[in-house]
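Student: One structure coming up, written as structure tokens, with questions to follow.
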Amino acid sequence: MAVFLRRSSSRAAVTIGVLLLTTSFFIPGASSDNRDAARGGSNGTRGGPGQVLQVEKEQRNSSVHQETHTNSSADHKKPFPVLSFNYDHVRTPFEISLWILLALLMKLGFHIIPRVSHVVPESCLLIVVGLLVGGIIKAIGEKAPVLGYELFFFYLLPPIILDAGYFLPTRHFMDNIGTILVFAVVGTLWNAFFVGGMMYGVCQIEGAQLATVDLLSCLLFGSIVSAVDPVAVLAVFEEIHINELLHILVFGESLLNDAVTVVLYHLFEEFSHAGTVTVVDAFLGVVCFFVVSLGGILFGAIYGLLGAFTSRFTSHTRVIEPLFVFLYSYMAYLSAEVFHLSGIMSLIACGVVMRPYVEANISHKSYTTIKYFLKMWSSVSETLIFIFLGVSTVAGPHAWNWTFVVFTVLVCLVSRVLGVIGLTFLINKFRIVKLTKKDQFIVAYGGLRGAIAFSLGFLVTDSQMKNMFLTAIITVIFFTVFVQGMTIRPLVELLAVKKKKESKRSINEEIHTQFLDHLLTGIEDICGHYGHHHWKDKMNRFNKTYVKRWLIAGERSTEPQLISFYNKLEMKQAIMQVESGSSAKLPTPESSVSMQNVQPKEPVRQRAIPSISKSREQEIRKMLRANLQKTRQRLRSYSRHDLLIEPFEDHVSEARLRKQRAEMGRRVSVHSSHLVFTEHQAESGNSPCRTEHQVFTYDTECPNIQTSRPPDTVRLLTESHQRTNQSAELQELSAKETDIEDQQKVSRCFSDPGPKSDQDRDGSSTS
Amino acid sequence: MGASQTRSDNRYQDLMDKTGFSLEQIKNLHKRFLHLSGNEETISRENLESISALSNNPLRKQIIDAFFDKRNQRDDKAGFFHEIGFEQFLMVMSHFRPPNLKTTAEEKEAMRKEKLRFLFNMHDTDNDGIITLTEYRKVVEELLSKSGAIGLEAAKAIADAAMLEVASTNVPHMAPEDFYEGITFEHFEQILKGLEMESRMHIRFLDVDTTTMRCGKATM
């Protein structure tokens with residue numbers, strides 16, 4: 001333990017050392033920038049002031065005395081510089097990279113020191129680091145980068161929002177959309193006006209020296225500071241794993257209140273310039289709200305559909321598929337920003353609309369790429385945002401006013417609590433599953449403010465109040481992130497709030513979810529009113545008949561959801577199997593149940609299956625079972641059941657099988673795994689033939705294989721089933737050895753239980 | 001007028017106690033019942049089959065059967081009705097009530113059991129207490145029936161995998177010779193534990209006058 005601590009502390013020392021080293025790079029960079037800026041000229045070389053002056057003099061002289069200049073330069077010919085130093089022209093990318101590197105090293109450092117990261121959420125630690133770095137930069141006397149509007153809203157925020165929107169749990173979101181909208185719209189409005197009003201009241205207090213702050217400025221301040229921030233919410237809630245309902249409520253609210261914030265902000269800013277407010281203005285404000293939010297969503301949906309449509313044709317250029325997703329989404333965001341619509345809602349809409357169609361079209365690798373890139377970018381962005389927040393806190397000009405700041409924090413808290421309680425009272429009248437007091441507490445407590453408020457504060461034009469506002473905003477942010485962020489986890493434990501269920505989706509749950517959907521729709525129809533399920537059902541049918549056909553390539557467009565789900569699960573499991581097999585691990589079987597136990601043991605009716613005798617069948621069974629018991633592997637929930645038609649087929653099929661395997665290796669895609677049984681597939685004979693042949697190769701090579709390669713056997717149920725004669729079933733167990741070569745992933749040997757009656761007959765005739 | 005009013009109120013009171021609906025909800029449902037039955041006292045299968053909105057539903061037959069299933073009347077009988085009266089109609093509908101704030105944990109548990117029982121009865125068509133592989137296959141087939149021509153094999157594969165999952169979670173260690181008969185009710189509960197049926201399997205029953213809904217009433 002002590003050794004570990006020493007090691008971890010030494011690593012911490014290393015990271016701090018790197019941190020100092022990286023910040024030291026900023027000094028020369030910043031200083032040369034200052035001097036160049038002062039001189040107004042930049043030549044390629046970095047140098048002291050003297051050289052710059054000299055060059056300028058030379059330039060001035062050269063316009064007058066051309067010949068003398070050339071003469072003088074000829075006289076002072078320098079030797080060819082072997083090694084030169086030219087920092088300025090790489091300065092910008094260099095510094096950006098350094099900042100990102102710093103952020104990532106910090107992130108790395110925190111996870112190495114485990115104790116701290118359990119108590120303190122990462123966001124707090126990052127802000128502290130930012131404070132330190134800001135302090136260092138200030139101590140050196142340089143200008144630190146500031147979390148300005150452009151940097152934040154155009155570069156740092158979109159990846160986070162896209163990540164959130166693309167992976168938004170749509171079902172939960174749509175189920176609770178009413179509640180979320182009420183919290184987002186009405187809640188934010190209430191917060192803005194309450195905070196603005198109360199702060200105006202506070203400003204009227206004698207002796208607070210705040211008399212210059214008028215009502216509109218207060219309202220502006222209120223609108224900036226009242227919005228729940230998605231970045232902060234994500235950062236804190238990700239670590240506490242509460243149940244999906246609460247998560248989606250707070251998170252959804254933080255996303256959707258962007259429209260309200262945008263409108264209110266622009267509204268109050270316009271008004272504070274204009275000076276007076278009329279009823280018409282207020283009415284236009286309301287109209288503006290609808291335009292902003294619905295317009296944003298419309299933009300997002302259009303770009304999403306474009307993206308989905310484009311992805312339909314990318315089957316030949318798989319490498320650039322992820323880029324389409326990213327670029328269309330970013331364009332949606334920027335286009336919305338052009339018109340001052342809500343960029344966040346546009347981005348979310350784009351991600352949500354695009355996702356189901358794109359995922360049906362793109363390859364598995366592209367899907368993984370998209371997932372990882374989004375996570376990566378959003379992670380980096382989040383880290384940078386918090387660090388910059390710390391840096392900007394130290395750097396920015398502050399105007400501390402005790403009354404204002406303290407009251408801001410108090411009023412924000414009070415308004416949030418009152419807002420949530422009041423709104424929940426209203427909402428519970430319409431909700432079926434009501435929100436309990438515990439839920440309300442978490443929703444209220446989870447209303448964190450973050451960098452959006454800060455960046456918006458930066459845009460305030462009146463510099464005198466701006467500093468005071470910024471100080472207050474920073475205090476609120478710090479308070480919510482530090483105090484609320486740190487204490488929410490113990491509170492969640494204390495109140496025993498339901499946590500997210502960790503188990504993966506099982507196929508039974510999926511079947512029953514679909515079953516319930518249809519059942520509830522049916523019951524609603526019998527009851528005669530058009531409820532939630534009815535409209536959902538209608539949307540699904542519309543989606544299936546019209547939209548999917550346009551946006552999904554090939555046969556996937558008709559694939560029902562249950563089957564796609566099943567395929568995806570099989571794929572995941574197959575990949576897991578391959579991975580665990582290739583690392584030479586054979587975990588103990590969790591369950592020894594196989595399909596054999598589940599399938600009804602019908603007596604083999606000899607009449608139905610010609611030509612294979614019962615004794616032969618028993619022999620085969622015994623042999624296979626023996627092999628199987630030797631190489632038992634952990635059976636997860638799904639059997640990789642595959643078709644074993646007839647053990648004794650001719651080597652024509654075997655050769656064909658080998659060729660198919662080689663061919664399969666070249667096509668790694670989800671498409672080949674779907675369960676569409678066409679005659680074509682019967683000919684190419686995907687997995688069916690493969691297994692039973694492999695049984696026999698495995699058989700003969702059995703001892704060698706077991707020692708040389710870790711067999712990655714999958715227990716299969718194979719069944720043959722004559723289409724014409726559905727009552728007879730021949731069950732065989734076969735051990736299938738998957739190829740260890742990279743190309744041939746088990747992922748392709750999927751559940752293709754469809755028997756081919758022609759192969760059946762072939763097989764049976766030979767024996 | 002007074003006498004008939006109190007008589008129907010008494011009758012409704014009886015139903016309210018049995019099913020847990022509120023008075024407004026029962027009145028609304030009664031109106032719907034009369035509409036469906038054509039102002040008769042009982043509903044037959046044809047009445048339900050004539051609902052046009054149901055025609056697109058892949059589970060149409062099962063849903064209609066569920067209404068006529070005696071097992072859903074909570075009195076331990078088996079078999080099927082030919083026609084049902086309003087009380088039976090309400091009993092079936094009561095399976096779809098949601099929990100409310102006042103529902104205690106035990107009541108929620110009982111609710112969940114009841115709803116799962118309803119689902120179980122829908123699957124277990126031969127009433128032998130277990131869902132066999134054949135029955136489960138039929139369920140999945142019906143589910144996929146309206147979703148296009150994917151074929152029986154896909155349904156079979158999915159049903160087989162699902163059955164295997166139930167077996168392996170509930171009876172993890174079976175010898176190769178053992179046979180897993182089918183999903184019993186306990187296993188069914190176990191496998192669907194994560195779905196929290198009491199919060200999912202419900203629909204909204206209309207109360208016409210929500211503003212007049214009084215707190216003290218025996219609601220839900």
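Note that Cβ sites are derived from N, Cα and C of the backbone, with glycine treated the same way.
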Student: If I go by TrEMBL, the feature transmembrane segment sits on one of A:323-340, A:341-358. Which?
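Tutor: That would be A:341-358, per the transmembrane segment entry in TrEMBL.
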Student: According to TrEMBL, which stretch among A:583-609, A:610-636, A:691-717 corresponds to the feature region 'Disordered'?
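Tutor: Range annotated as region 'Disordered' by TrEMBL: A:583-609.
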Student: I'm checking region-level scores; what's the whole-number mean pLDDT for the domain 'Sodium/hydrogen exchanger regulatory region' (A:591-662)?
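Tutor: The answer is 52, the mean pLDDT of the model over that range.
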Student: Compare A:147-168, A:180-202, A:214-236, A:341-358, A:472-497 by their Cβ pairs under 8 Å to the transmembrane segment (A:440-460) and return the stretch that comes out on top.
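Tutor: Comparing A:147-168, A:180-202, A:214-236, A:341-358, A:472-497 against the transmembrane segment (A:440-460), the winner is A:214-236.
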Student: Which residues of the chain, 6 or more past the ends of the transmembrane segment (A:147-168), have a CB below 8 A from one of its CBs?
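Tutor: Hits for the transmembrane segment (A:147-168): 230-231, 234, 251, 255, 325-326, 329-330, 333-334, 337, 343-344, 347-352, 354-355, 370-371, 374-375, 377-378, 380-382, 384-385, 388-389, 391-392, 451-452, 454-456, 458-459.
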Student: Can you tell me which recorded stretch out of A:180-202, A:214-236, A:379-396, A:472-497 has the most Cβ pairs within less than 8 Å of the transmembrane segment (A:402-428)?
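Tutor: Maximum Cβ contact count belongs to A:180-202.
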